[in-house]
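Everything on this sheet refers to the single structure shown next.
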Amino acid sequence: MLMDVEVVVMELEEVVMDIEEMVMDIEVVVMDFEEVVMDFEEAVGGNIMTASPISDLNPLFLASGCLLTLVSEGSTRIVRMDGDFFTSYRKTVLKRHEILQSIEIPYTLKGEYFSAFKQAQRRDDDIAIVNCGMRVAFKEGTDIVKELELSYGGMGPTSLTAKKTCTQLLGKKWNKELLQEACLLLVDELTLTPSAPGGMVQFRRTLSLSFFFKFYLSVLQKLGQDFKGDFEVESIPPEYLSAMESFPNDPPSAVQLFQQVPPGHVPTDVVGQPLVHLSSIKHATGEAIYCDDLPRFERELSLALVTSTEAHAKISSIDASEALKVAGVTCFLTAKDVPGSNTTGQIVMDETVFAEGVVTCVGHVIGAMVADTEAHAQRAAKAVKITYEKLQPIITIQEAIANESFHLPPKKVQNGNIDLGFAQADDIIEGEIYIGGQEHFYLETQCTVAIPKGEDDEMELFVSTQSPTQIQSLVAKALGVPANRIVCRVKRMGGGFGGKETRASLLSTVVAVAAHKTKRPVRCALNRDEDMLMTGGRNPFLGQYKVGYQKNGKIVAVDVKIYINAGNSLDLSSAVMTRALFHIDNAYKIPNLRVIGYVCKTNLPSNTAFRGFGAPQAMLLAECWMNHIVAKCGLPSEQVQKLNLYQEGDLTHTNQKLEEVNIRKCWDECLERSSYHSRRRAVDEFNRQHRWKKRGLAIIPTKFGICFNAAFLNQAGALVHIYTDGSVLLTHGGTEMGQGLHTKMVQVASKALGIPVSQIHISETSTNTVPNTSPTAASVSSDLNGMAVYNACMTLLSRLEPIKRANPKGTWEQWVSAAYMDRVSLSVAGFFRTPDLNYDFEKNEGRAFNYYSYGVACSEVEIDCLTGDHKNLRTDIVMDVGLSLNPAVDIGQVEGAFMQGLGYFAMEELRYSPDGVLYTRGPGMYKIPTAGDIPTQFNVSLLRECPNRKAIYSSKAVGEPPLFLAASIFFAIKDAICAARAASGVPGTFRLNSPATPDRIRIACIDNLTKMCPPAGAGTFTPWNVEV
């Protein structure tokens, strides 16, 4: 009796373990899906009833054979959730009045195995590209298949079961023959048309096989464990076990190293101290006031935009009659309502406030609805009917090249003799890379509040912009009034990254026209879909190179062509191209170089400034040919890279002499801090032992030029008031977008005046305090505005000097009071212009930049060769920021720039239809990095003892230079892919476009599974999406 009880207990324990294992599989998928914000029952029931084809739970329920209890008035029935449950897109077998009452998930029996798999664009909080649930049950005591369920999501309009495959495999032994047959059957059954919605067809089909391969191995392993000795089970090669292993899940760690201030530092001197961002508490608590947080003004109206749904078309008619009947609507605006000029733009006036006659992109502003509430304005905007006569659009760079559609003649920089250089080369390589665009994804979308003042055509605007003066100028132009009637105010922005340098004017001019017409305050904050649809982003890029080098890896000649997709207007793309031309060398000395740039004119929303401004694309191209050279010559990568690095006194390809070159210091320190050489050996050893997981390691340098390329922008102003109580009000021309500029300016003023930070305040940036401001961009805002603040403070100190001499033991407040009583002005406007910027494009000589910032990063990643997923294991950064004004802020900028670059090079992908419609609008489709994408070990070191003579208090710019260092992730991924290809017997060079998303990684890891799913021939179908 006791033995029987023990047997029962053991069997129950096995059942519990099987249930726990199945629940763990489900939990893994749910954790990868989204945060748990609903009761479990609601989440499960909702997944089933909404019948989403990419539900993460439905394939699991299909595979497990759940029983659903369905009830309606007067009846109850039980339905098995199987391959017939989903009848079509978002449809199930449920009758109209039935509801789901309960779900019964069967116990897992002995000899039955269940697994779940999922691959998404991002590992955390993302919808699936493909997911699946798989279950197999064997005849008792054998490895012969009795039951098999293979259920997939993301492989059609519904979650589906591979019925034919499952039926064909019944009665087969679980061995290599079954694996091969299953893959062939799945390829035949799980078909996707080349134009299937969602794209990535080859990747999705390959994933269906990869998941089964993982399932096959895991079941084989469990059979060997559960039935050891009962029957013979095929052994698994040790290196194949990696197919079933998860990525390392070590706790995150980080180290930040920076230079401490010297002993004897004056307590009031906070420059160089890690002072906390002055608004950080407000940011964290939600108390910080942004544009749309302003209380509504009396009689305020809301505005909603009416935009084009066509990429290129003539406007045949606009019918707003029904829209004007919507409750609360005040008026509908079009080009005829602009009182001044409807023409607008940036470098050239090639845009309009409202479209006139023709639209040139999806999202082109045609009109605006003004109403008493945002809801009414949006409802009315959707009711406007527009008819079009379609014109042929140009969407991609390739289409622009074919149609010779360019905004400008090509730009060229040439240095040395490339023909002679190629003649001296031991070998010549050629290659090409496409680099996609990037969405700014600032947390606060574009927003404007315009308040007409009621007399003299005055208007006050609160705008989320990096360029208050530009808003002032373009609004004045649209209203037909002098700039002195327009005041633009900026308290702070919720991020900008270049996206609010020029594109804020798209909205501000429209809102200003509405406020002018209605004589009432008007507000508009774009929703995320609108913002992403119409404001553009980082320019997509196509680079073609020809490089000559010597046997030791020394580069002797480079010939490059660059194409960028500017979109429907020039905006800042000409300047973006200029910076790309200037940074095509990255950090390498190239004696003979020619680079030609083409600014493509297409029917996409105009692309614009983005952190790095063309340099990251150009430098990635440089590292691509460096990577190509390394692969060809067979030498260690770090050896070839260091051989080509710039040295002190070298001339760049723009013939600027380099001074205080710290790139080799950064390089050597990064090699040491990252333990590069020992980790290189460890990575190689890991790859020898693991077939389906591979690691990669890469070290990447950067050299970033600091200044606006347009010389006239390298100026700044500041206004400093000292009040009689000793407090100081500081204003300068820069805007605060979270980067800590105001904090640094307060530190500069504090050190210059010798008073505590607590006595200095910055309220806002406004055009009526500091006029003619340059945009807060190009990483120069601390340099320019810091020197302007310093200039103003020095003037004030000179005025106070006689009073201080007369009362040397007095306090700051006493000196200020005495100065006021002595009728000394305590208000000063400061000014600064960067000297000696004199680059001549025609002659290719002079100083293109004030100085350069340098940095080096080493990154290690691990990839899953079967799914294309990757994990960022470790990154070490050494960054030259001169003598940091604020190490806490600067390290935050380094880390933030790196993560934004990581998104750019390894995650974020803008997807457009062939007709120019952006699919990836909003966080549901466009994936930026999350906390889980931060390298598990993330170390940042600021280079010590490297003062910079060219900037305020020996500091250096930090906003943009670190971004490119995230290319170390891209090339670490490529290094891992190389190892995977070598294991498949496919050595040699290969092209990897950016970003290195899971689909690109998986398809590059060529193996038998990818070969079973070849891509459709180009030109034989219309793709769902195109590379623009």
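Cβ atoms here come from the backbone N, Cα and C positions, even for glycine.
Just one of PHE541, PHE613 is listed by TrEMBL for the same substrate site as GLU501, ARG579, and that one is PHE613. Binding of Mo-molybdopterin is attributed by TrEMBL to PHE497, ARG611, ALA778, and the same site annotation extends, among GLN466, GLN647, GLN814, to GLN466. With helix defined as DSSP H, G or I and strand as E or B, the domain 'Aldehyde oxidase/xanthine dehydrogenase a/b hammerhead' (285-392) counts 20 helix, 38 strand, 50 coil. All chains included, 27 other C-beta atoms sit within 10 angstroms of the C-beta of ASP56 (FAD binding site).
Classification of ASP56 (FAD binding site) by DSSP places it in coil, neither helical nor stranded. Most other Cβ atoms within 10 A: among the recorded positions GLU501, GLU960, that distinction falls to GLU960. Taking only the Cα positions, the spacing between PHE613 (substrate binding site) and LEU100 (FAD binding site) is 54 angstrom. ARG579 (substrate binding site) carries a helical DSSP state (H, G or I).
Residues near LEU100 (FAD binding site) in space but far in sequence (CB under 8 A, at least 6 apart, same chain), listed by position: GLY45, ILE48, MET49, LEU68, THR69, LEU70, LEU94. Ranking the recorded positions ASP56, LYS118, GLU960 by the distance of their Cα atoms from the Cα of ARG579 (substrate binding site) places GLU960 first. With respect to GLU501 (substrate binding site), the closest of these recorded positions in Cα terms is GLU960, chosen from ASP56, LYS118, GLU960.
Note on the domain 'Aldehyde oxidase/xanthine dehydrogenase a/b hammerhead' (285-392): mean pLDDT across this stretch is 98.
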